[in-house]
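According to TrEMBL, the protein carries these features:
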- E134, D165, Q191, E239: divalent metal cation binding site (BINDING)
- H440, H518, E595: Mg(2+) binding site (BINDING)
- 290-409: domain 'VOC' (DOMAIN)
- 437-586: domain 'VOC' (DOMAIN)
Amino acid sequence: MKTSIATVSISGDLREKLEAIAAAGFDGVEIFENDFLAYDRSPREVADMVRDLGLEITLFQPFRDFEGLPEPQRALAFDRAERKFDLMGELGTSLVLVCSTVSPLALGGIDRAAADFRELGERAARRSLRVGYEALAWGRHINDHRDAWEIVRRADHPNVGIILDSFHTLSRGIDVASIRAIPGDRIFIVQLADAPKMDMDLLSWSRHYRNMPGEGDLPVTDFMRAVAATGYVGPLSLEVFNDQFRSGSPRTIAADGHRSLVYLMDQVARLEPGIAIPVPVLPPRVDVHGIAFVEFAADEAEALQLAALLRQLGFKRTGRHRSKSVERFAQGDINIVINTDREGLAHASYLTHGTSAYAIGMLVDNAAATVERARALGAQVFSQRVGPDELAIPAIRGVGGGVIYFLDETSALGRVWDIEFDAAADDEALADAGLRRIDHVAQTMNYEEMLTWILFYRSIFVADKSPMVDVVDPSGLVRSQVISNPDGTLRLTINGAESHRTLAGRFIAETFGSSVQHLAFASDDIFKSAKALARNKLPSLQISQNYYEDLAARLGLDADFIERLRAANILYDRDEGGEFFQLYSTNLGEGFFFEIVERRGLYAGYGAVNAPFRIAAQKRSLRPAAIPSL
Ligand SMILES: O=C(O)c1ccc(O)c(O)c1
Ligand SMILES: [Mg+2]
């Protein structure tokens, strides 16, 4: 299936847009008229540029306010169309999009519009051009693809067809089953966009908030299943009006767009096995069975500090790498690796970001197939020199230049600890703190990157996204969204910072874009864990007294219980399903920290209500001690 994207979807001048679109692997491009008009090269030069980049122009658009006009405006509209047909000839494109009129002069009337399109089709045919009619969701008389189809049907001209745009259909909640009644060869092009659910007028929603399929909340997959059923095999063309994308990196946004189409068509092909859909076959989305390890890159001095903190958290050093300067710490099912080697990505990562959790290991069924799927979805495969006693662990690049490694139980990868590490006793170990497994990994990024990584995770792994929540930092808002699977064996919290003054923003600035800002470990008894951690002298984050007073008032908890929480600096939340407890270490360096959580019952959240108080406490603990005034 051919992929295409409208130039309006990304930032830059026309050349930058086209280069990014070609680099992302698209077959074609819709030339949005304004992008051409604002560019200072002739139509023929643009045509050459498009061809030299290996692209084809799938559509020229939009042509507005054409149908249903009274004279003399009607004749003028046809003259205008002829001028644009001239331009299309020079650009070397054969299809033009006519969107349903919004003109107050338009008279309406299905047959009047059909007659106009019949004549336009005649004129287009003389030049071997084709005309596609699209119902804008806010069109004056036509705002539903079913009515647009009726006009195209009555126009009854081979050079006139319908253009479907997922946004216009889905934003109005029109039943997509109605698409199945349209012959595939009458659909001249299919435009795709998703959007977050929002309560606003259709035009503003469409012009500012569209996003890539899979990034929003509209059922674009159902729309595409209906399109596939018609037998349509023409280009799938992204048309995404989005303020953030218009100011983003053209290459990144174009790459996200290509990924979204590969992912969409992979889903459609799986859901419609009875329809022959010409798309490559990929391994299915990957089930993640847990975070097998988290690896830190550090220098020797900071590795000692980190090791000391891990021991206070109840970890023991359990192994040493056979050939590298790498140590393994473990507790329950949790593995933490500290890498101080002077070679490879760990070292490069240390040099760039300082001490940081640059790699995550995920347990999957088939590590090789996971990388194959990720590669097909445009992920960057990672490999580096493999030494003696080492396994080539399949891996891809992730957020902030970090790495995601994949382990499975069916190959030697399942025995990585035995193969690569020697068991080592730990003389300095402190008491076990009952930490069982990794509850979640929190990644921090610039707000503009959130959609990119949400699509990345959802397209590769079996995972869903939660609604976006606002976390209030005293210095600004941080947006937070969760990527998780039904079993809870994959839980990533994605935090998007808009200001560098927030704790999250400061973390990105101070670590030059590192991503993992905290790791949350699960305990089955947080009060017991808190006791052990206190004995181990873990420096815990001090929560304000005011928080506990409010908790008592808000949730009607009894005084003894509140006192137990307060004494251990434990934060508390509950939802319909159960209860949640949180306890934090102070920060390691400029922003990284550990969290200990206990989930009781079916609590599904992450304590977002508590985040402002946690963040305020962290800011207090990072502030240099106040100088007493004289
Ligand atoms: O917002 C618009 O005007 C507009 C124009 C052309 C399209 O294809 C579309 O979907 C919207
Ligand atoms: Mg459109």
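Yeah, the Cβs are placed from backbone N, Cα and C, and that goes for glycine too.
Those TrEMBL annotations? Automatic predictions, nothing curated.
Residue counts for the domain 'VOC' (437-586) under DSSP, split into helix (H, G, I), strand (E, B) and coil, are 52 helix, 55 strand, 43 coil. Among the binding-site residues H440, H518, E595, no residue has its Cβ under 6 Å from any atom of ligand 1. Using the Cβ center of H440, H518, E595 for Mg(2+), the list of other same-chain residues with Cβ within 8 Å runs, in sequence order, D439, V441, A442, T493, L519, A520, F521, F593, F594, V597.
Closest to H440 (Mg(2+) binding site) by Cα-Cα distance, out of the binding-site residues E134, D165, E239, is E239.
Among the binding-site residues E239, H440, H518, E595, the ones whose Cβ sits under 6 Å from an atom of ligand 2 are, in sequence order, E239. Spatially close to H518 (Mg(2+) binding site) yet at least six residues away along the chain are A442, F592, F593, F594, E595, judged by Cβ distances under 8 angstroms. Local packing around the Cβ, expressed as the count of other Cβ atoms within 10 angstroms, is greatest for E239 among the binding-site residues E134, D165, E239, E595. Shown in sequence order, L97, I163, L164, S166, F167, H168, I189, V190, L192, A193, S237 are the same-chain residues outside E134, D165, Q191, E239 whose Cβ sits within 8 Å of the Cβ centre of the divalent metal cation site.
Classification of E595 (Mg(2+) binding site) by DSSP places it within a strand. When the binding-site residues Q191, H440 are compared by the number of other CB atoms within 10 angstroms of each CB, H440 has the fewest. Per-residue pLDDT, averaged over the domain 'VOC' (290-409), rounds to 95. Summarised by DSSP class, the composition of the domain 'VOC' (290-409) is 36 helix, 44 strand, 40 coil. DSSP assigns Q191 (divalent metal cation binding site) to a strand in the three-state reduction.
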